[in-house]
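As recorded in TrEMBL:
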- 1-23: signal peptide (SIGNAL)
- ASP65: Zn(2+) binding site (BINDING)
- ASP65, HIS176, SER178, GLU330: Mg(2+) binding site (BINDING)
- SER115: active site, phosphoserine intermediate (ACT_SITE)
Amino acid sequence: MATQQTLLIIGIFVLAGFDGCFSVIPEEEQNPNFWYVKGKEALHTSLSMKPNLHRAKNLILFLGDGMGISTVTAARIMKGQMEGKTGEESVLAMDTFPHLALSKTYNVDQQMPDSAATATAYLCGVKANYGTLGLSATARRKDCSSAKGNEVKSILHQAKMAGKSVGIVSTARVQHASPAASYSHTPERDWYSDKELPSEAITGGCKDIAYQLVHNTDINVILGGGRQYMFPKETVDPEYSTVTGSRQDKTNLVDVWLRSRNNAKYVWNKKDFDAINEDNTDYLMGLFEPKDTRYELERDPSMDPSLTEMVEKAIKILRKNSTGFYLFVEDKLISCLVSIA
């Protein structure tokens, strides 16, 4: 309810700005020469652009889940209105990029896609079926037997095989669809832990997503939510006394992860996160909520790091690799708020 009220207030603010936008026309925009000059400047910038022939050493992929054209437009308008302008003339940082493009988004079996199969598309390079992760379209949703032999490799996996350090940062649970396509191969995006696995999937040898997070590609930095799926059902959450782990197999996946890696650290709160020394840490797992992290407006800065802070910490650890690094960064909560709206 608090989030919806916040969203409503923001919406009223934007609409209030619209109410007077036609009476506050910038004086310079009434002069045709203003637009001629802007057009010439844009053309000059484009014609002066030189192709970058250097080979990239590092790659950071930022994803705003649910951040389509209308969402970007709303953000641009709000940014401008917060600066005292009408809004639509404002410029976002991404508007200044030398290359911008649109993608044609769909799943092989559905026109309206989901973030599991679309993540498989942009992270693994192949279109897939709705609800599936890290599998080609030969695999069918919820069909464990169809997954075998139809796994596809992600860019994170390929970067690791090339000797780079790799990381995942998300405001979602790290077992959620978008980050999970980086490391898992599952016919059902909701198989977060073995609790969600149906008996036929267990019999068929399919593994839950949290298990694959620990046992598949060797990931150096994992930051986000989702600690519930890493602990046995008997384990009480360190932050919320009414929440327990969800695993039925009695496995503490965090311990498994720590024991199998050198110079590895696990944190679940801001204090321990801030205390991490990047120089002597090669592996870092930080899980700050049982499921998804909180919206930025509701985040407790004394308990949970911001997305910016998580990204900065990840880069400081990953950049120590002279071969380079790959980092996937997602803000999942954009999609959640768009759905509420």
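Cβ from N, Cα, C; glycine included.
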**Fill in**
Should one count Cβ atoms within 10 Å of each candidate's Cβ, the recorded positions SER115, SER178 would be headed by SER178
**Request:** Take the Cβ of GLU330 (Mg(2+) binding site) and count every other Cβ within 10 Å, whichever protein chain it belongs to.
**Result:** 27
**Assigned element (helix, strand, coil) containing GLU330 (Mg(2+) binding site), judged by DSSP** = strand
**Prompt:** Within 8 Å of the centroid of the Cβ atoms of ASP65, HIS176, SER178, GLU330, which other residues of that chain place their own Cβ, given that this set defines the recorded Mg(2+) site?
**Reply:** LEU63, SER115, ALA119, SER170, THR171, ALA172, ALA177, PRO179, ASP331, LYS332, SER335
